[in-house]
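To keep things clear, I will list the structure first and then write my remarks on it.
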Amino acid sequence: MNHLIIAPVLMPLLTAILLLLGTGRPLRIQRGISFISICLQLGVATALLLSAAEGTISVYALGNWEAPFGIVLVLDRLSALMVFVTAVLAFFSLWYAIRGNDKPADSLHSVVHFLIMGVNGAFLTGDLFNLFVFFEVLLIASYTLLLHGGGAARIKSGLHYVLLNLVGSSLFLIAAALLYGLTGTLNMADMANKVAQTTADEAPLMNAAALLLLVVFGLKAAMVPLYFWLPRAYASASAPVAAVFCIMTKIGIYAIIRMYTLVFGDEAGVVANLAQPWLWPLALVTLGFGVAGALAARELRLQIAYLVVVSVGTMMAGVALNTEQALSATLYYLMHSTWICGALFLLADLIVRQRGATADRIITGPALRQPVKLGALFFIAAAAIIGMPPLSGFVGKVLLMQSATTDERTFWLWFMLLAAGFVTITALSRSGSTIFWRTENRVAKVDKADRGALLAVICMLALSLVLSFGGNPVVRYTDALAQQLKNPAIYTQAVLSHKAIPGVHHD
Amino acid sequence: MEVLVAVVIAVLTSCGVYLLLRGRTFPIILGLTLLTYAVNLFIFMSGRLNPGKSTIIGVGEGYTDPLPQALVLTAIVISFAMTAFVMVLALRARAELGNDHVDGRIKVEDVKS
């Protein structure tokens, strides 16, 4: 049994506890521990990604209890990729944070590690109720992070976020209890087998449970009509927090992909593929609302938050198409949008600091201290998120558009994606030209941007180039990943045939 | 018995949802609490109603499913912690925003409407 699989859960947990115990120690030590830990976690995530790339599905039985009775962690290509994406994002966010951006409280680092623990756990677990528990772990950490720094704006958006997610948790429990009542299991692989044998009598209840889960995951993913919490929350959070939060919507996407390919996928009998007809129109509407919000936003960070909604709509469309090619394109786009949105939030913070009292409002303000440097970075980030060649957004969108087989959906997908790209160009050129060009004849009296923080943003944006120029192995990986997703039998077989280590008794 | 439990869950849920839709934080927290009670009962019932039976096979005639009882314990602990958190947050919001409306409206006339 490969013990490395549980490391993405244990390492952040131990780090967070260590950081909590060290409260009151010099900030330098806290930052050091946090950064060393995230570097190690990045190493572990890379090792897991490489081992999953070979195509084997590794199973880790917690407490040596066999599935379907015990809780298992499952490492397949999808969960390995998600853990890796999280580690990279957290690495850069913490890098940015330790350059003096983690004030006022020094508790930021420990809570970020608790969040990473919850996120990694949610990606790795093979048990529906355990997924709920990890959701709660990451949510309680995210509540704290969102309120980090205090202030009326954060409290207000934080209250909405917390209340909505508490209702979401209740719905999750109802859905999980329904599924347990119907199938008698909580292990996802076992549940997939039981769901496939659903009789026509049970179908309505099964439908209700499956679609309730879609509501819960849709809330996490910020899909229309459940996205209203997102823009204000992201815009009011501090920069490293907003960057880390770029993974939050992807947890919803991950859960949707996992549940509706594995449990309610092609082989689920009477309830096969029941979410996709709902996802398709909702994805396009999400896309539309996202670009409308980006166009109407009066603040830079609010605009970026709406771009997160746009990326959610794009990925949902890919999931709704539900072919191997589309899922592969979706996962490629997921990596790109997570990292680039994170970079944009960090960059926005650097820009906002140089604008004095104008802050992030998109109006004429004092000229920036470093207009060329920050302007060039903003241009590159904008080009990446819009989907201009040669950056990764372009590759992601092309892959997604190619994956649409010729039917009436192709027209809508191409139309919405291209229109969204055009509107995003308009929105970002408005904010970019106002912030960098239409300035007053004075420069705000501020310090230059911190070099380390600037380097973090540059490296993050460079990931976009890596994704597009080194795209071949990435796409080969996501192709293999999609193939694995479309053959859920491999997953169920791996989980259910996993044997406990002999000689270890539970007395 | 089944009907009674179902009615109790239904009443708790509908009261909870009604209170959730109010504009002030206190009724919303009450609504959340009622909703979590309903959810806890619902999880408990997902193992079917077997009154008077043991959770251990072989002790008496028949048995009742122990897993929902473990699940409901987890759910209770989590919902309890979350309610405590949201309560503190609501108090903080009342202090920061000057009123207990969820949208943090400033004017008294706005809050009344």
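The count begins at 1 with the first shown residue.
Cβ atoms are placed via backbone N, Cα and C, with glycine included.
As annotated by TrEMBL, transmembrane segment applies to A:6-23 (among others). Beyond the ends of the transmembrane segment (A:6-23), by six or more residues, the same chain brings 29-30, 33-34, 37, 40-41, 44-45, 48, 60, 62, 73, 83, 87, 106-107, 109-111, 113-114, 116-117, 120-121, 123-124 to within a C-beta distance below 8 angstroms of the stretch.
Per TrEMBL, transmembrane segment is recorded for A:35-60 (among others). Sequence-remote contacts of a segment are chain residues at least 6 beyond its ends whose Cβ falls under 8 Å from one of its Cβ atoms, and for the transmembrane segment (A:35-60) they are 1-8, 11-12, 15, 67, 72-77, 79-81, 83-84, 86-88, 90-91, 94-95, 98, 113, 116, 126, 477, 480, 484, 490-491, 494-495, 498.
The transmembrane segment annotation in TrEMBL covers A:80-98 (among others).
Among residues of the same chain six or more beyond the transmembrane segment (A:105-123), those with a C-beta under 8 A of the stretch's C-beta atoms are 8-9, 12-13, 15-17, 19-20, 23, 27, 30-31, 33-34, 37-38, 41, 79, 82-83, 86-87, 90, 93-94, 97, 130-131, 133-142, 144-145, 148-149, 240-241, 244, 247, 251, 254-255. Taken from TrEMBL, the feature transmembrane segment covers A:105-123 (among others).
The domain 'NADH:quinone oxidoreductase/Mrp antiporter transmembrane' annotation in TrEMBL covers A:126-419.
Feature annotation from TrEMBL assigns transmembrane segment to A:129-147 (among others).
What TrEMBL lists as transmembrane segment is A:159-182 (among others). Proximity of distant same-chain residues to the transmembrane segment (A:159-182), defined by a Cβ-Cβ separation under 8 Å and at least 6 residues beyond the stretch ends, is recorded for 128-129, 132, 135-136, 139, 142-143, 146, 191, 194, 198, 202, 205-206, 208-210, 212-213, 215-216, 219-220, 226, 228-229, 232-233.
The feature transmembrane segment is assigned by TrEMBL to A:208-230 (among others).
For A:277-297 (among others), the entry in TrEMBL reads transmembrane segment.
The transmembrane segment annotation in TrEMBL covers A:333-352 (among others).
Sequence annotations record features per position, and here TrEMBL assigns transmembrane segment to A:372-391 (among others).
According to TrEMBL, the feature transmembrane segment maps to A:411-431 (among others).
What TrEMBL lists as transmembrane segment is A:452-471 (among others).
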Among A:208-230, A:277-297, A:372-391, A:452-471, stretch most in contact with the transmembrane segment (A:333-352) (C-beta, under 8 angstroms): A:452-471
Tertiary contacts of the transmembrane segment (A:80-98) (same chain, 6+ residues out, Cβ under 8 Å): 8, 31, 34-35, 38-39, 41-42, 44-46, 48-49, 51-53, 108-109, 112, 116, 119-120, 123-124, 239-241, 243-244, 246-247, 250, 254, 331, 334-335, 338-339, 342-343, 346, 452-453, 456-457, 459-460, 463, 477-478, 481
Close approaches to the transmembrane segment (A:208-230) from elsewhere in its chain (Cβ under 8 angstroms; 6 or more beyond its ends): 135, 157, 160-161, 164-165, 168-169, 171-172, 174-175, 178-179, 182, 248-253, 255-256, 259-260, 263-264, 271, 274-275, 278-279, 282-283, 285-286, 289-290, 305, 308-309, 312-313, 316
For the transmembrane segment (A:452-471): best-contacting stretch of A:129-147, A:372-391, A:411-431, by Cβ pairs under 8 Å: A:372-391
Chain residues in Cβ proximity to the transmembrane segment (A:411-431) (below 8 Å; excluding those fewer than six residues from its ends, i.e. six or more beyond): 284, 287-288, 290-292, 294-295, 297, 300, 303, 307, 310, 313-314, 317, 321, 362, 382, 385-387, 397, 400-401, 404
